[in-house]
Amino acid sequence: MKPGIVELDGNYILWTVLAFIWLTYLWETYLTWRQRCIYTNAKSVPAEIESIMDQETYDKSRRYQLDKTNFGLVHGVFNQIETAVVLTFGGLPYIWGVSGDILRSFGYAAEEYEITHSLVFLFLAAIYGTVTSLPWTVYSTFVIEERHGFNKQTMSFFIKDQIKSFVIFQSITLVIMSGLIYIIKVGGDYFFIYCWVFVIVVSLVMITIYPDYIAPLFDKFTPLPEGDLKTEIEKLAASIKFPLTKLYVVEGSKRSSHSNAYFYGFFKNKRIVLFDTLLENYKPPKDESEKDKESSAAGDSQEEETTEEVKESKTEEKVEPKKGCTDDEVVAVLSHELGHWSLNHVFKNFFIGQVCLYTGLVHKIILSLTSSILLLLSCN
């Protein structure tokens with residue numbers, strides 16, 4: 001043991017961590033259960049929204065939230081028990097040992113390659129987390145979301161999406177963590193300040209590049225066509241001096257029929273993104289490949305063309321129910337989102353997050369200094 005340093009008992013730390021996570025879990029479960037009771041008992045439309053919501057829509061929403069809450073309670077119990085078992089029976093040290101064995105199998109001494117050792121550990125832990133959470137994700141997507149008519153994914157699309165997400169986010173995470181571990185190694189007594197600055201810089205960089213370079217790897221973004229909706233949104237932005245530069249529509253309908261809208265960007269370069277499911281009967285513009293397919297199909301035989309015309313005429317006779325929101329409703333949704341910008345909620349949340357991070361890092365230093373002072377006083 002180094003002079004001036006007090007070593008804490010490992011079992012004391014373990015049981016303290018377990019007690020904290022169980023208390024947090026019980027409190028959150030209590031709040032969730034209270035909300036579940038509301039979903040169960042509040043079977044009539046509240047008087048405050050009777051003018052804008054009918055009983056059928058309200059019942060659908062209530063049943064959906066009840067299903068999600070029940071699923072969340074069961075999933076929460078599993079996660080809590082899993083975490084307790086992993087911590088109590090040394091799951092993390094075991095994965096650390098396996099990662100060291102993997103390095104040694106390639107001729108590297110794990111003790112001399114701490115960063116590489118840590119990255120292998122994180123990668124194995126991520127694989128474990130993905131495997132254990134996958135059945136829950138599948139059930140949530142293909143049972144609960146499917147039951148309520150929200151899921152639009154096929155199993156093949158789901159699998160490809162999961163693999164792509166894992167590969168991309170692990171690539172990013174491992175690079176960031178290697179930098180963080182290096183700073184801890186060389187940062188000296190003030191490593192926590194350097195780590196804090198590093199996390200701030202990385203957060204700002206990710207906020208900047210994610211919408212433009214990472215999100216398009218998963219979804220297709222197209223400019224919002226000219227029309228009344230675009231004009232109304234631009235008027236709304238101008239009325240609160242929101243520096244809008246671009247308007248996009250993202251193809252969220254290939255995953256879910258849920259709707260959403262958000263904005264991103266720094267300073268005078270703000271963009272707004274609308275989910276295609278939010279727009280009433282929105283049809284995405286056709287790209288060149290689709291146009292080529294239509295051109296080749298037009299060159300088929302006259303008999304095939306006649307058959308297609310008959311099919312199309314029958315299809316046109318079917319009147320599909322309207323989907324999405326009207327222009328006024330979309331503008332109302334965006335008014336809510338832009339309200340966050342107007343009230344600086346994004347900046348405030350980012351600031352609070354960084355303060356919490358810095359406080360957590362400093363807390364460790366304070367504990368270390370306090371232990372050293374107590375040791376010196378006891379020696380005197």
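Glycine too: its Cβ is placed from the backbone N, Cα and C atoms.
Going by TrEMBL, these are the annotated features:
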type     : residues       : note
TRANSMEM : 12-33          : transmembrane segment
DOMAIN   : 38-220         : domain 'CAAX prenyl protease 1 N-terminal'
TRANSMEM : 71-95          : transmembrane segment
TRANSMEM : 115-144        : transmembrane segment
TRANSMEM : 165-184        : transmembrane segment
TRANSMEM : 190-210        : transmembrane segment
DOMAIN   : 224-356        : domain 'Peptidase M48'
COMPBIAS : 285-295        : compositional bias 'Basic and acidic residues'
REGION   : 285-322        : region 'Disordered'
COMPBIAS : 308-322        : compositional bias 'Basic and acidic residues'
BINDING  : His336, His340 : Zn(2+) binding site
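Sequence-distant contacts (6 or more apart, same chain, Cβ under 8 Å) of His340 (Zn(2+) binding site) comprise Val346. If you take the C-beta of His336 (Zn(2+) binding site) and look for same-chain residues 6 or more apart in sequence within under 8 angstroms, you find none.
Taking Cβ pairs closer than 8 Å, the transmembrane segment (71-95) reaches residues 14, 17-18, 21-22, 25, 28-29, 32-33, 36, 121, 124-125, 128, 132, 136, 139-140, 144 in its own chain, all 6 or more past its ends. Non-local neighbours of the transmembrane segment (12-33) in the same chain are 69, 72-73, 76, 80, 83-84, 87-88; each lies 6+ residues outside the stretch with a CB under 8 Å from one of its CB atoms.
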